[in-house]
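Take a look at the structure set out below.
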Amino acid sequence: MTDLRRNRYSISAGVGKSVLDSLGKFYGSPKRQLPNKFEAGKEYTGYNAPWIPFALDWLKQGKYSSEWIAMGSLNEEPNNMIQLLKLITGDDGNSHLEKAQAATDLEYPVTKLLWNPSSVGSNTDSQLLASTDQQLRLWKTDFEAGIDSPLLCQASLSTHVKTHNNAPLTSFDWCKTDPSYIVVSSLDTTCTVWDIVAQQSKTQLIAHDKEVYDVAFLKDSINVFVSVGADGSVRMFDLRSLDHSTIIYEGDSTFWKRNGDYTNASPPVSAPLLRLSACDSDVNLMATFHHNSSDVQMIDIRVPGTAYATLRGHKGDVNAVKWMPGSKSKLATCGDDCVVSLWDLDQPVNPSPAPTLSVSGTTPGMTGSTSEYVTPVSSVNSMRETASPLNADNQYSPLLSWKLEHEVNNLSWSVKNDGLAVVYGKSLEILKVPQ
């Protein structure tokens, strides 16, 4: 898709061939039949949805007797949904996902979901869930009431009185230092900070020259956040000084000339940056990736202007990157190559080519045999994966990887960091991460 504004929702999804053109392709192509991977009556650690899932978040609070996952749909029709799933572990140690009654219908695709961070001194059994589509919405459910508890909308926040005038919201982040604040990014080039207790916007600013695709608060801060957008830059803002922003990173400026857009733009801009993940253990570190790119850029705000490292391992476009909570060295990525990869920045790379690894079918969610260097793989079908030699300028290779059946659109870490929830096709699956 050469015209970024051709479809206003084509930038709000981030699946398949990236945030920019996936929905445009989805609308213009015949509907593809996606198989039901998890058969009825079999307890796999997975779930078949009647729609294509994208938005995803695993509840990070361990105070509940069960674990919960929220996921949202990406439907072309004005019929979208948020569904809660309960992860149940039996006495034999095997787990399966159970559909809860907590679900709700929405008109527009859900671009992001996040459970509220832990609040100091909070002892309530109710939990807040935030979502974005045309509005920032807050939902509430009572986990102690079990899977029959409904998902109730507590607020729908918008800077416009008329909802149909809203530009789609692409992403948001919950402030972990003060959960009463949420920052939201939009296609209209703005970021808005909301006080969800007062249900009022604290400030709205023009964050980028073009559409904003993702936003994140920095560790331990209620004032500083970073954003990425179609202008190809990572920008940092301080709510105490909004008269300027700091450009932390800008990529290659030849993108638009290669793709036939904005050839007369001055100055030239780089390939759009689609998603951003800020490390919650080191305020200086974050990860991002470009449109139509299989690489992940590692950013250190103490060294602005360039990526301090590039993660190269995917064979297709990257769709998501997430730091492991509580870690400043481990993160997970997924992409159009149907692969989920775990990276450890503290692990040295062996300079010899990674070995060829054959893996036969395994139980969904379980890892296959491991290699000292790279890529144990999980698959329902037998497969062979041949790893290529590392590029000379690549400092890292995946610690391990899983090969799935379709493009992997999103992922989320478990509360104990021992699992990854991933969505692909019409399925959600839990991958067990070796400790």
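Including glycine, each Cβ sits where the backbone N, Cα and C put it.
Taken from Swiss-Prot, the feature compositional bias 'Low complexity' covers 358-371.
Here Swiss-Prot flags Ser266 (among others) as phosphoserine, drawing on experimental evidence.
Here Swiss-Prot flags Ser388 (among others) as phosphoserine, drawing on experimental evidence.
Among the features that Swiss-Prot reports, region 'Disordered' is placed at 352-371.
Under 8 Å from some Cβ of the repeat 'WD 1' (105-149) lie the Cβ atoms of residues 9, 12-14, 23, 54-57, 59-61, 64, 66, 68, 70-75, 78-82, 84, 86, 98-99, 155-158, 163-164, 166, 168-176, 179, 182, 184, 194, 196, all in the same chain and six or more residues away from its ends. Sequence annotations record features per position, and here Swiss-Prot assigns repeat 'WD 1' to 105-149.
The repeat 'WD 2' annotation in Swiss-Prot covers 164-204. Each residue of the repeat 'WD 2' (164-204) gets a DSSP state, and the totals for helix, strand and coil are 2 helix, 23 strand, 16 coil.
Under 8 Å from some Cβ of the repeat 'WD 3' (207-247) lie the Cβ atoms of residues 4, 11, 14, 19, 170-178, 181, 183-191, 193, 253, 255, 269-283, 286, 288, 290, 299, 301, 304-305, all in the same chain and six or more residues away from its ends. Taken from Swiss-Prot, the feature repeat 'WD 3' applies to 207-247.
Residue counts of the repeat 'WD 4' (313-353) by helix, strand and coil are 0 helix, 18 strand, 23 coil (DSSP-based). Annotated repeat 'WD 4' per Swiss-Prot: 313-353, in sequence order.
Helix, strand and coil residue tallies for the repeat 'WD 1' (105-149), in that order: 6 helix, 20 strand, 19 coil [DSSP].
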